[in-house]
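Visitor: Mind having a look at this structure? Questions to follow.
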Amino acid sequence: MNLVVPAVRLMCLAWLWPVTLLKGTNTPNHRRNKDVYLGENTRHKHGGRIDFKMKRSDSTKSLLIKSEQLLRIEDHDFAMRPGFGGSAIPVGIDVQVESIDSISEVNMDFTMTLYLRHYWQDDRLAFPSSSNKSRTFDARLVKKIWVPDVFFVHSKRSFIHDTTMENIMLRVYPDGNILYSVRITVTALCSMDFSRFPLDTQNCSLELESYAYNENDLMLYWKNGNDSLRTDEIALSQFFVLEFHPSYGLAFYSSTGWYNRLYINFILRRHIFFFMLQTYFPTMLMVMLSWVSFWIDRRAVPARVSLGITTVLTMSTIITGVSASMPQVSYVKAVDIYLWASFLFVFLSVIEYAAVNYFTTVEEMKKLKNAKLPVSYDATQAMAYDGCFHDDIDVSPFPDLEATPSTTRTIPPTASSADPPPTEGTRLWKKRSVRSNIRFIMSNSYMIDSYSRILFPVAYLLFNIIYCCIYS
């Protein structure tokens with residue numbers, strides 16, 4: 001008996017030993033796996049300890065109701081608008097213009113960056129909330145619900161900013177009211193009128209409209225009236241922004257009907273100082289430079305011709321440069337009138353010298369024909385009187401000519417005391433006709449330069465005054 005009791009005890013120990021080892025090996029692994037789970041999910045260290053309370057209050061656990069389940073997205077067909085079959089759903093619009101990035105005269109368009117906000121109510125997205133707080137989502141939920149299909153009329157290209165994520169916000173309130181905001185950059189057409197360019201004022205507008213839903217299904221309106229359009233401080237290089245204001249209208253399409261359309265109108269006035277420096281001042285200087293030839297001796301043919309040709313070519317370059325930066329319109333612009341009028345003044349200064357040189361040559365040839373020349377006189381020497389300077393011709397002075405009836409100056413007899421005094425009604429002098437005045441100027445060609453020194457500046461000054469009165 002003394003041997004049986006120890007034998008039974010040994011058998012019990014031998015049977016319990018493997019079970020004890022199995023439990024000992026499973027317990028550390030279980031704790032380690034638990035630590036790994038905590039470290040990957042809710043490990044918060046405070047003095048070297050893990051905050052288990054934070055783990056229990058994590059609201060992103062799948063044990064709670066998901067957003068799709070809370071909003072009952074799977075229970076409804078969001079391909080249909082809210083209240084389908086009933087009255088039109090009102091969609092309020094609110095716009096904040098961030099910047100006007102560029103305005104192109106050549107392409108007749110503008111680029112604008114703005115925040116476009118939509119307001120509407122969808123009872124299908126209403127959810128219970130004790131605190132009456134809204135829920136905010138990003139673009140991932142927007143693709144699962146119905147949103148208004150607003151587009152920009154006459155837009156050439158547009159995109160939604162996507163750095164670092166798509167700039168889209170969706171805010172849902174417990175009663176089903178929805179705020180949908182998106183940040184967009186759009187390039188749209190602006191029909192510009194350049195008849196007063198560069199002293200012009202342009203009216204541009206950005207138009208918003210629903211693409212699929214006409215006025216029977218969707219009603220677009222400005223959320224807060226005139227306060228629905230807000231702008232930051234906008235500074236442009238070539239324009240002043242005079243005014244921003246919203247407006248409303250209807251658009252008709254023959255195949256689909258009437259649509260609500262919203263307008264973002266803005267008025268731009270061009271800066272004139274840039275064009276004064278680049279176009280007007282250089283043009284004025286070229287015109288005044290052409291007047292310098294009126295003070296140069298009429299016999300200095302190379303100097304006056306080169307000055308006239310230089311100013312003409314410079315004016316041609318200015319006109320070409322301005323035309324290259326403008327659209328090819330079929331009407332005359334204000335800058336075209338000024339440039340071509342200035343070009344005409346420069347061209348007339350060249351024509352003026354051509355007339356002076358021609359009349360001077362005719363006058364000298366007449367004098368040479370009327371004079372009695374010696375037989376030994378070489379006719380080639382007479383070419384020295386054509387207004388050109390010749391280095392290869394020896395111009396010797398003419399010998400004194402005998403007085404002839406054609407060269408002798410006839411002095412009219414003075415009225416003597418014996419002449420009877422003029423009777424009443426007798427003219428003391430006879431008024432010259434226009435033809436005689438022209439002949440007198442032709443025989444005295446130097447007077448053309450004298451008159452041009454006064455007429456050209458006065459005429460150009462008068463043109464500038466009229467131009468400013470019309471276009472300013």
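From the backbone N, Cα and C atoms, a Cβ is placed for every residue, glycine too.
Just so you know, TrEMBL annotations are computer predictions that nobody has curated.
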Visitor: So which range, 272-293, 448-469, gets flagged transmembrane segment in TrEMBL?
Guide: 272-293
Visitor: Quick test of your reading of TrEMBL: among 200-220, 242-262, 305-325, where does it put transmembrane segment?
Guide: 305-325
Visitor: For the transmembrane segment (337-359), give me same-chain residues lying six or more residues beyond its boundaries with a C-beta closer than 8 angstroms to one of its C-beta atoms, as numbers and ranges.
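Guide: Non-local partners: 279-280, 283-284, 286-287, 290-291, 293-294, 298, 301, 304-305, 308-309, 311-312, 315-316, 318-319, 322, 387, 441-443, 445-446, 448-449, 452, 456, 459-460, 463, 467.
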Visitor: As a quick check of your reading of DSSP, tell me how many residues in the domain 'Neurotransmitter-gated ion-channel transmembrane' (279-366) are helical, how many are strand and how many are coil.
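Guide: Counting residues per DSSP class in the domain 'Neurotransmitter-gated ion-channel transmembrane' (279-366), I get 74 helix, 0 strand, 14 coil.
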